[in-house]
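Some features that TrEMBL has for this protein:
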DOMAIN    19-277  domain 'NADH:quinone oxidoreductase/Mrp antiporter transmembrane'
TRANSMEM  12-32  transmembrane segment
TRANSMEM  53-73  transmembrane segment
TRANSMEM  85-106  transmembrane segment
TRANSMEM  141-160  transmembrane segment
TRANSMEM  167-185  transmembrane segment
TRANSMEM  191-208  transmembrane segment
TRANSMEM  229-250  transmembrane segment
TRANSMEM  265-287  transmembrane segment
TRANSMEM  308-327  transmembrane segment
Amino acid sequence: MLFLTTLMMGTLISISSFSWFSMWMGLEINMLSFIPLMNEKNNPLSSEASLKYFIVQAISSMIILFSFLISLISKEILSPMNFSLELIFSSALLMKMGAAPFHFWFPEIIEGISWFNTLILLTWQKLAPMILVMYNLNSNIFLNFVILSSLMISGLKNWNQTSIKKILAFSSINHMGWLLSIILINQSLWMFYFMFYIFVTFSLILMFKKFSMPSILDLFKILNSNKPMKLFFMLNFLSLGGLPPFLGFFPKWMILKTLWFSNHYFLALTMVFLTLIMLFVYLRILYQGMVLNVSENKMMFSNPKTMIFNFLSFCNLTGLIIFSLILNL
């Protein structure tokens, strides 16, 4: 509980600071608080994952500190960073949150930690670096490169993936592309999308943790005895991909609408085409689970443990209708 408190405190220090040094200090507090949470006695992979996480975060922190020192030496500490320092600083922040093309460490670490730590790394640990990118980055060309790289790489890397944690990791990279596309244009919409992403990720991880599902094959074996929950799970994946008429379509549609009215036509169209790759991955998982896997139990079992997930799934699947009714009032 102590490390979880300092973890959140470090993030809040970073996003509320008025100096770059205080922001860097908050990131370090956040990192040093998360590493003890990653270590688990019954999970030998957690030690390796925590070491990899420390190395990557330490390197990115050194790059951030290096950019501060260069800025101080060149007497530009009170003015916006020049273009080179801005790219160096932003690249280090993007490495911290695992956005492409700085994502090399992210899926492997996700694979070696618990579901609770996976939820933290997929959601809360993205907050501070992304807000700091919003404070500093002014280069649309570099930002567009990161956005399109995140969407393309996440879709291609997820093509033949069977590990559920890695699927969630690459899905997170995909959503980072959408979040970065709107963060400099409409911060309210960015916050709405981020809250939606947390909600859907929490719903899925809650079920994965309950049934201990490491791979898609294990997922199908467990869900064969509960057809309604199996259907809810598959539709949640489609909502995560942004397929209408589910809730996941609403924030992506709002982002595309905002980008279009902001004259970012090429970016909006390219994001749509690249997102289809990720959506195809989700559709293939749905097809394999609902059509190809025929060895199902014909009975439908009701389990009180799944009531929370069923409620969250219902909210996720009907959220678009609810939002439409609210907007038409």
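Just so you know, glycine gets a Cβ as well, placed from its N, Cα and C.
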Note to self: With pairs fewer than 6 apart in sequence excluded, do the transmembrane segment (12-32) and the transmembrane segment (141-160) have three or more C-beta pairs that lie under 8 Å?
What the structure shows: no
Check: What residues in the same chain, six or more past the boundaries of the transmembrane segment (53-73), come closer than 8 Å to it by Cβ-Cβ distance?
Finding: 20-21, 24, 27-28, 31, 34-35, 38, 81, 85, 88-89, 91-93, 95-96, 105, 109
Item checked: For the transmembrane segment (167-185), distant same-chain residues with Cβ under 8 A (at least six beyond the ends) -> 97-100, 103, 106-107, 110-111, 118, 122, 126, 130, 133-134, 137, 140, 143, 146-151, 153-155, 157-158, 161, 193-194, 197, 201, 204-205, 216, 240, 251-252, 255, 258-259, 262, 264, 267, 271, 274-275, 278, 281
